[in-house]
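Engineer: I'd like to ask you about the structure that follows.
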Amino acid sequence: MSIMRNFLSMIIMLCVCLNWCFAEGAEKSDSGKVLDSYTIQVSSLFPSSSSCVPSSKASNTKSSLRVVHMHGACSHLSSDARVDHDEIIRRDQARVESIYSKLSKNSANEVSEAKSTELPAKSGITLGSGNYIVTIGIGTPKHDLSLVFDTGSDLTWTQCEPCLGSCYSQKEPKFNPSSSSTYQNVSCSSPMCEDAESCSASNCVYSIVYGDKSFTQGFLAKEKFTLTNSDVLEDVYFGCGENNQGLFDGVAGLLGLGPGKLSLPAQTTTTYNNIFSYCLPSFTSNSTGHLTFGSAGISESVKFTPISSFPSAFNYGIDIIGISVGDKELAITPNSFSTEGAIIDSGTVFTRLPTKVYAELRSVFKEKMSSYKSTSGYGLFDTCYDFTGLDTVTYPTIAFSFAGSTVVELDGSGISLPIKISQVCLAFAGNDDLPAIFGNVQQTTLDVVYDVAGGRVGFAPNGC
């Protein structure tokens, strides 16, 4: 009898254990990941109407700024108007074309790209689709301004009063240097003026014409930048633009995070060791991300890949060595991405892949999604699905392998572009031009770390 009771007790314990294990498995399934696929709520693909929820990760370090998507629930620049996907795609393609144009010219000098101080007084096309913004205080007293941050640009600039040429419309009042006690124009004799090659009354004048015909022109200056109340930077070089054109959606200017000497990370090397990181929230979410300077708060789970010797002084290069869709590795050879490799860019929205690589990714994705109703393409995107009447959808995971044995699995929000419930598209595009570009949709929710001094870029999941 004693043996029987012990046996029954063991059976009961085993059942309890199995029940607990299955419950744990269900929890993991509910959280999104199931082996080689994600199951998500269809409603989560579309913008949330709930109020903004700030990310707690942005407040863990003093040198951290809140990042919002320009069209997201947390943006003070957004309106109730419907997101214009056609415009986003058009601007994104303009940015991509400007990147390839700069590469073909092999121009490493952003500031002197426009040699003349005579710029066309006409409406330029937007500076691409840089759609993530931060707010920084400039001057004394500080003037809070919303800036698009961009890893493909070096010089930080903002519109300034007076507008001697023309200025586009922005949400906040323009920065007025005469109202700041810490503003200083940079003299023509300054080493920082060497690249500008233009002067006005002994003051250094900068001119930047972007490849998409947007431009900014004004004085190269130094000013106090306030990141947070406890993190203030003195004598930061920036552009005080008095002649600016482009459709910048209400932002005051641009925060340059590129690899050049005038970028904010390069200027603050002694403070932050030329390290910065960010997490980009999906535009459909009601949460914020972060842009953090320095190594404080970087997760130990970050996996790094070397910054490649890509022949460009204005972008960060990375080497893609593999892509998987679900349980299938794409047949990528060492020559699939040519000698140019790839770049990672915070301002390009959608990832561009070599045409043959994209064709294989699309083929495998279609195979994994064969149980769903396909529909017509949209703009750049030729692989779309109709999810009408569905509560959930299961996507195959998509993972990128980078040099250094670094594997980055994309978040569910980094796979598709939801135009409407009857048209949800694979958010990748093929491109005959090189290099490949790893865009910001595919970077969403990842912690992306740029250790520029260490020559590496890192990734970790659940960054915001």
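We number each residue from 1, going along the chain as drawn.
A Cβ is built for glycine as well, from the same backbone N, Cα and C atoms used for every other residue.
Annotation source Swiss-Prot lists signal peptide at 1-25, citing sequence analysis. Residues or ranges marked as domain 'Peptidase A1' in Swiss-Prot (evidence: sequence analysis): 132-460. Swiss-Prot lists Asp150, Asp345 with the feature active site. Taken from Swiss-Prot, the feature disulfide bond covers Cys384-Cys425.
Could you tell me the structural context for the features on the list?
Structural biologist: The secondary structure of Asp345 (active site), as reduced to three states from DSSP, is coil rather than helix or strand. The C-beta environment of Asp345 (active site), restricted to residues of the same chain at least 6 apart in sequence and closer than 8 Å, consists of Ile99, Thr151, Gly152, Asn315, Tyr316, Ile437, Phe438, Gly439, Asn440.
In the three-state DSSP scheme, Cys384 (disulfide bond) is classed as strand.
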Engineer: Give me the mean pLDDT over the domain 'Peptidase A1' (132-460), rounded to a whole number.
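Structural biologist: Mean pLDDT, the domain 'Peptidase A1' (132-460): 92.
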Engineer: Just to confirm: which same-chain residues, 6+ apart in sequence, have a Cβ under 8 Å from the Cβ of Cys425 (disulfide bond)?
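Structural biologist: Cys425 (disulfide bond) has long-range Cβ partners Gly377, Tyr378, Phe381, Thr383, Cys384, Tyr385, Ser416, Leu417, Pro418, Ile419.
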Engineer: Neighbour count first, Cβ atoms within 10 Å, every protein chain included; then name which of Asp150, Cys384 tops the list of recorded positions.
Structural biologist: Asp150
Engineer: Can you see whether DSSP assigns Cys425 (disulfide bond) to helix, strand or coil?
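Structural biologist: Where Cys425 (disulfide bond) sits, the three-state DSSP reduction gives strand.
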